[in-house]
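Asker: I'd like to ask you about the structure that follows.
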Amino acid sequence: MLDARYIRENLETVEARLKTRGEGVDIALFKELDGRRRELLQQSETLKALRNKVTEEIARLQDKSQAAERKTEMREVSQQIKGIDESLRSVEEELQNFLLTVPNVPNETTPIGRSEEDNVVVRTWGEVPALSFEPKPHWEIGEGLGILDFERGAKLAGARFTLYRGAGARLERALINYMLDLHIDEHKYIEMLPPFMVNRECMTGTGQLPKFEEDLFHMEGVDFFLIPTAEVPVTNIHRGEILKGSDLPISYVAYTPCFRKEAGSYGKDTRGLIRQHQFNKVELVKFTSPEDSYEQLQKLLGHAEEVLRRLQIPYRVVELCTGDIGFSAAKTFDIEVWLPGQNCYREISSCSCFEDFQARRAGIRFRPEEKAKPEFVHTLNGSGLAVGRTLVAVLENYQQADGSVLIPEVLRPYMGGAERIS
């Protein structure tokens, strides 16, 4: 959430930078609500100061009739204050609800653009494999090996659900454990295993609510949501807390299943594992000081990249333009993995800095020093990685002409020493 004072003092800048997102923001409504709030606040404070002053005068009056008259006047003032404060609460709630719908201001270094066509390729890693045969997409590989069962997945739950079988289920589990071990043992993240359902406050804190409720799975009869990403519960671990500056940066990693309606994806990626209602993901989350956040973003991005480097799978890093970054993000880098069966790069991770946008919504602060005034932390997160899409990348990049799939060396200890799925 943006700070009302920041918007007020930087109206033209905020409006101009939000326009680069391709979203119009009702600045006139903000000015009206903010102006009314400040006016009512001033009226309330003026009358309260008057009441306090007269109360002190009454205590000094010797004339009881005069004191009674002044008390009557103050009862009227108190009624005025009550009415003004009720109006103030109403306006503050309206202003708060408005601010919750305003996206984050893109960082000034974020490339300006309208869509993914304007994103900037930062670097590529690895060579695209030159296969001596026509590569298959992962759904054909998985069905051919009997390790992915899309038909029975649909029978169990409908479209965009998959049943993993045998070596497919074990490969998914191997990827999860490999990613967790790498991030915990070498990158020094603290592992978390959060609830897979959260309350409305959590979803509001990270920015999914109120704007994107239709994309979420809501539990009927109770106000819980299935998590769309571990970002939601893990970021909210410190909701409403004041952290020690000496403890920053704090780095958490969490494996969770994720649940998404994919409401705007009708007709897209209808085959395979790319776009599912339920999928597994390993998430990286950081809490940092404002001064350190962009350095930590590069570290987080590097940690996510390392997963693919050790798997020896080609990828590229893309910086998202202002028209393509998410609602809460100030800057985002995507990692896109090469998929020979589809002859293209596909997103496998988004790594973002939200600056204080989420922290302000969730009330996450820190003290730079022991007795210093609390400040909002900066939050960061990124996939490290999306597990199903990593499995897709393994199947397509390690496929062999005979239909089998070689197992990357780093995964073999997690696969009982097996070298091939056939």
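Keep in mind that glycine also has a Cβ here, set from the backbone N, Cα and C atoms.
Quantities reported herein were computed from a predicted structural model and do not represent experimental measurements.
For reference, Swiss-Prot lists these features for the protein:
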BINDING   Thr229, Ala230, Glu231, Glu283, Ser383  L-serine binding site
BINDING   Arg260, Lys261, Glu262, Glu347, Ile348, Ser349, Ser350  ATP binding site
Asker: Measure between the Cα atoms of every pair in Thr229, Ala230, Glu231, Glu283, Ser383, the residues the record assigns to L-serine, and report the largest value in Å, rounded to a whole number.
Answerer: 9
Asker: Of the binding-site residues Thr229, Glu231, Glu283, which one has its Cα closest to the Cα of Lys261 (ATP binding site)?
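Answerer: It is Thr229, whose Cα lies nearest.
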Asker: Taking 8 Å from the centroid of the Cβ atoms of Thr229, Ala230, Glu231, Glu283, Ser383 as the cut-off, which other residues in that chain fall inside it around the L-serine site?
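Answerer: Neighbours found: Val232, Val234, Ala254, Thr256, Cys258, Lys281, Val282, Leu284, Val285, Asn381, Gly382.
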Asker: With DSSP assignments reduced to helix, strand and coil, which class does Glu231 (L-serine binding site) get?
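Answerer: Assignment for Glu231 (L-serine binding site) reads helix.
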Asker: Cβ distance under 8 Å to Thr229 (L-serine binding site), same chain, sequence separation 6 or more: which residues?
Answerer: Thr256, Cys258, Lys281, Glu283, Ser383
Asker: Just the number: how many Å between the Cα atoms of Arg260 (ATP binding site) and Ala230 (L-serine binding site)?
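Answerer: Per the Cα atoms, Arg260 (ATP binding site) and Ala230 (L-serine binding site) stand 12 Å apart.
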Asker: Taking the Cα of Ala230 (L-serine binding site) as the centre, which of the binding-site residues listed as Glu262, Glu347, Ile348, Ser349, Ser350 lie within 10 Å of it?
Answerer: none
Asker: Here the binding-site residues are Arg260, Lys261; which one has the lowest number of other Cβ atoms no more than 10 Å from its Cβ?
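Answerer: Minimum Cβ neighbour count within 10 Å, taken over the binding-site residues Arg260, Lys261, occurs at Lys261.
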Asker: I'd like the number of other C-beta atoms within 10 A of the C-beta of Glu283 (L-serine binding site), please.
Answerer: 30
Asker: Please report the Cα separation of Glu231 (L-serine binding site) and Ser350 (ATP binding site) in Å, rounded to an integer.
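Answerer: One finds 12 Å between the Cα atoms of these residues.
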Asker: Least buried of the binding-site residues Ser349, Ser350, Ser383, going by other Cβ atoms within 10 Å?
Answerer: Ser350
